[in-house]
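Student: Got a structure for you, written out below as structure tokens; questions coming shortly.
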Amino acid sequence: MKASMFLALAGLVRLFVVGYASESEEKEFPRELLSKIFAVDDFKGEERGCKGFGDSCTPGKNECCPNYACSSKHKWCKVYLGK
């Protein structure tokens, strides 16, 4: 009788410890995932030499990427329609 009570108690303790350990791992998972997603140092993008759609520009300097033109009225890169 004492042995069965001891085994039952040991089983409950083990179940509690395993549950607590898995729960703490689950709490760390979102932090690890976010740190991997926002790790910008590993995947630094190349800087473009030209400016894309909506970027501010100076008219006449040809700073916009191909197929874009600097609008003299708004002073930002727009799609060049070839007028």
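Placement of Cβ uses the backbone N, Cα and C atoms for every residue, glycine included.
Summarising the annotation, Swiss-Prot assigns signal peptide to 1-21 and lists sequence analysis as the type of evidence. Per Swiss-Prot, disulfide bond is recorded for C50-C65, C57-C70, C64-C77, and the stated evidence type is experimental evidence. The leucine amide annotation in Swiss-Prot covers L81.
Locate each feature and note its surroundings.
Tutor: There are 15 other Cβ atoms within 10 Å of the Cβ belonging to C65 (disulfide bond).
For C57 (disulfide bond), the same-chain residues 6+ apart in sequence whose C-beta sits under 8 angstroms from its C-beta are K51, E63, C64, C70, K75, W76, C77.
Other Cβ atoms within 10 Å of the Cβ of C64 (disulfide bond) number 21 in total over all chains.
Residue environment of L81 (leucine amide) contains 7 other Cβ atoms, counted within 10 Å of its Cβ in all protein chains.
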Student: When neighbour density is defined as the number of other C-beta atoms within 10 angstroms of a residue's C-beta, which of the disulfide-bonded residues C50, C70, C77 has the lowest density?
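Tutor: It is C50 that, of the disulfide-bonded residues C50, C70, C77, has the fewest other Cβ atoms within 10 Å.
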Student: For C65 (disulfide bond) and L81 (leucine amide), determine the Cα separation and express it in whole Å.
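Tutor: Given the Cα positions, C65 (disulfide bond) is 14 Å from L81 (leucine amide).
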Student: Per DSSP, L81 (leucine amide) is which: helix, strand or coil?
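Tutor: It is coil.
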Student: Rounded to the nearest angstrom, how far is the Cα of L81 (leucine amide) from the Cα of C50 (disulfide bond)?
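Tutor: On Cα coordinates alone, these residues lie 18 Å apart.
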